[in-house]
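Listed in TrEMBL for this protein:
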REGION    1-26  region 'Disordered'
REGION    79-101  region 'Disordered'
COMPBIAS  82-91  compositional bias 'Low complexity'
REPEAT    233-263  repeat 'PPR'
REPEAT    264-298  repeat 'PPR'
REPEAT    367-401  repeat 'PPR'
Amino acid sequence: MSKPNLKPTSNPTLQNPNPNPSSSSSSSCLLAAISHHVSLGRPDLAVPLLPLLSSLGLRPTFPLLSSLLHQTLLHFPHRRPSSAASSSSSASPPPPLASSSPRLSPLLLSLLLLLRRPSAALSLLLRMPRPDPASSASVLLALARSAAPHRALPLYAHLRLLRRSTGPAAASALLVACARLADPALAPQAHAHVLALGFAPSVVVSGALLTAYAKCRLLGHARKVFDEMPVRDVLAWTALVHGYSTSGDLVSACKLFDQMPSRNTISWTALIGGLNRNGEPYEALDMFRKMMYQCVRPDQFTFSSTLCACAATASLTQGKQIHGYVLRSKFNPNSIVLSSLVDMYSKCGDLLRARWVFELTHYSKRDTVLWNTIISALGHHGHGKEAIKLFDEMVKCGRKPDANTFVVLLTSCSHSGLVEEGVRFFESMAKIHGVVRQEDHYVCLVDLLGRNGRFKEAMEWLAKEPCRSSARARNALLGACRVHGNVELGKQVAEQLIELEPNSSAKYVLLSNMYAEDRNWEHVEKLRGLMEESQVRKERASSWI
């Protein structure tokens, strides 16, 4: 490698409007190091040196930066930053160099999108004097797929006003945002807009429109788009199957699934998940067996849905078989699958294996959902003190509890009779952990107090908001009144429930059972007469036993 020129003003790869002779040697050495790393294809070593050049009042010229960005984009899939790092910087603005180097902007925009920083990409796009349609559509799609898809709508309107987003890619991004928002009023407006633009029917646009209608549960419109599609790919078939199953129309979902010319993992998973969500876990397990028989490889979502079906049917043998397949196939389960395994073993009565799965999970995979699942499992089996110990361990590990954590924690205390501990957690959740109390937490507190016979305190909480109008909190207290035989308070709570939910039969049945256990047959007959007069019918129950 030739010796670099030590004069900043004559160096072709360095710009310095205010040359400083005292820093020429340092700047030339830094520049040589950056160029060397870029030539070796190591942008991870070159990028950290850029701030040092900036501190000297210098910056590389376009050729060097262009090469550096190209190298970064090429090496990015192998050097992806951590999700924590990318999320923490998602709202930071792009480097100021972008606005002064328009030729670098598309490259930097691509890098920001790969880094999953849609906010920074949006800021850069708005600074670009004339962004090309591809860049605009890419930012639109990134915003549509982000945690805040509503931000794509004003950007699309802004670009349309400037006549910079007229292509099918931008229209597809708009439809993706509509699908994510699941707004039934928005999807038809977007459809009308696409028709007004005069786009010829294509797989991309029609598929995005079909998905938007399906997510909004406008299945009549979705079916019409599906029937009019010139070419139907597997994504279009799967989107409609998912739409039918989500809305509860399992007959149409299964019929359409059988008509599919080809099926992939997502197609099978969509139907398995739909069957499971609509109370058909046995059919979901049967569909999983058919999927495996056809040698279709399951993914994380397939395993999670199938394990939920095993938990719903207490199919421990089937759950063990699926767990064994995961281990034999060297499948790397994510935290969702691990949580489903813990939940399945717990609901099938095998708490030992549930704990074993949790203990063998590396700390990096123990997210809040997995911690909540194992705490819930321990509490469900009556091990409230162990659940509290795990909660303390969770906090010590630096994992922040969420609202669901305190729901399962309070429920665990309730099942184990740990009243004082439960009250302490209820009082500390907002003060110490910053978790806002919701109705679920008040329901758990009333249930905790009622189960342990502390009816006076429970009634005091019922008189406060948000329990004042909560039917769920009163249902919990009514169940506790039945357990303790407190007929008088049960009658008072039931009357309040009848005012809140006059057409629900649950409180009539509970109060009737309480009168029957107290051998007060006169009140049982009066209550049945009141049900007939109010035209309230007992809801049919179902059981897997």
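Cβ atoms here come from the backbone N, Cα and C positions, even for glycine.
Automated prediction, rather than curation, is the source of TrEMBL annotations.
The list of residues near the repeat 'PPR' (264-298) in space but at least 6 beyond its ends in sequence, with Cβ under 8 angstroms from a Cβ of it, reads 234-235, 237-238, 241-242, 244-246, 248, 250, 253-254, 257, 305-306, 308-310, 312-313, 315, 318.
Non-local neighbours of the repeat 'PPR' (233-263) in the same chain are 203, 206-207, 210-211, 213-215, 217, 219, 222-223, 226, 270-271, 273-275, 277-278, 280, 296; each lies 6+ residues outside the stretch with a CB under 8 Å from one of its CB atoms. Residue counts for the repeat 'PPR' (233-263) under DSSP, split into helix (H, G, I), strand (E, B) and coil, are 23 helix, 0 strand, 8 coil.
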